[in-house]
Amino acid sequence: MPNASSWSASSPLLLLWEDSSGTRIFLSLLYAVLAISGTLSNVMVIYLVFSFKKLQTTSNAFIVNGCAADLSVCALWMPQEAVLGLLPPNSSSLRSVEYRLLRGGLLGLGLTVSLASHLLVAFNRYVLITKLPSVYQALYQRRHTGCMIGLSWALALLLLLLLPGLWTPGSAQQPPPRQTDGSSRYPALLLALAVLGQTALLLHCYLGIVRRVRGSAKRVSVLNFHLLHQLPFPAAPPPPRRAQRRLSSVSVLLLCCVFLLGTQPLVWVSLLGFFLRPAPAALQAASWLLLCSLSALNPLLYTWRSEEFRRAARSVLPRAEGAAAA
């Protein structure tokens, strides 16, 4: 019977041979639910932004970029994991190295661009809230915005070419059998450091926004983050209400908490595997699942407090009240 290391390096769900069929079925169903909900929510956000003129802002352009990347995870990668989790452990599909690298490529492309989009959205909002309107307009011209989005995809493709096994679940946490050097563990360290750096920059932007909103005299809502056509702002607008400032800060901190919950477990599991010993397979699976679940939650994180998004969604969704009245 192969050991846990060999199965963990080839299994999409990071399961062991001894795991029950019930566990595999449960994880497959979980992947299927995330795939369906994530695909629908990401497609809805993309459709709303392209359909409504008021939603076509610079910040929403980065959100759409993240949604397109999340579709690579929710619509292409997760359905395969849901199906493969139901196959027997000795299936040739699970043993194929090329197919495993292909799935890892889809996952890596989506997650890399999605994480980059998180940072682009945070920096966009930081500049909008904390800098002068002229600085924002000069930095976020249409050409510059397109270059930022293109660079996020170019960076993801470059990482896939240079490190094809970086985003393959299992291969980054544990070295293959009969490999005694530590070279195979370096992708795990690189992945952890990259996510840690991205998280530090994102938190710097959002905490800077919270400090600015708490002490600012400008009436800016960090719940919508739209670049208004009335820019530049008036010279001395009235200060925001205390309740509005408190709600804005709570919303930003909630977004940060959800992001940390999704990314940090994988970071520390990877660091644990590099410096000490590989974490248990169940902990590895949970950390990967939390990171991938962000692809399904991202559309809600960025749109749930936006009145413009809610109004646009109500205009396209079926109206139950109208049907009942008819």
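Residue positions begin at 1 at the first shown residue.
Every residue, even glycine, has its Cβ placed from backbone N, Cα and C.
Among the features that TrEMBL reports, domain 'G-protein coupled receptors family 1 profile' is placed at 41-302.
Sequence annotations record features per position, and here TrEMBL assigns transmembrane segment to 25-50 (among others).
As annotated by TrEMBL, transmembrane segment applies to 62-80 (among others).
As annotated by TrEMBL, transmembrane segment applies to 100-123 (among others).
Feature annotation from TrEMBL assigns transmembrane segment to 144-167 (among others). Beyond the transmembrane segment (144-167), the same-chain residues lying 6 or more positions past its ends with a Cβ under 8 Å from any Cβ of the stretch are 58, 61-62, 65, 69, 101, 104-105, 107-109, 111-113, 116-117, 120, 187, 190-191.
The annotation transmembrane segment is assigned in TrEMBL to 187-209 (among others).
If one looks beyond the transmembrane segment (250-276) by at least 6 residues along the same chain, the residues whose Cβ comes under 8 Å of a Cβ in the stretch are 115, 118, 172-174, 182, 185-186, 188-189, 191-192, 195-196, 199, 202-203, 206-207, 209-210, 222-223, 283-284, 286-288, 290-291, 293-294, 297, 301-302, 305. For 250-276 (among others), the entry in TrEMBL reads transmembrane segment.
TrEMBL lists 282-304 (among others) with the feature transmembrane segment.
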For the transmembrane segment (25-50), distant same-chain residues with Cβ under 8 A (at least six beyond the ends): 13, 15, 56, 60-61, 63-64, 67-68, 70-71, 73-75, 78-79, 81-83, 85-86, 285, 289, 292-293, 295-300, 302-303, 309, 312-313, 316
Residues from the same chain, set at least six apart from the ends of the transmembrane segment (282-304), whose C-beta lies under 8 A from its own: 8, 13-15, 27, 30, 34-35, 37-38, 41-42, 44-45, 63, 66-67, 69-70, 73-74, 77-78, 107, 110-111, 114, 118, 121, 169-170, 173, 255, 258-259, 261-263, 265-266, 269, 310
Close approaches to the transmembrane segment (62-80) from elsewhere in its chain (Cβ under 8 angstroms; 6 or more beyond its ends): 12, 31-32, 34-35, 38-39, 42-43, 45-46, 49-50, 103, 106-107, 109-114, 117-118, 120-121, 124, 145, 148-149, 152, 156, 292, 294-296, 298-299, 302-303
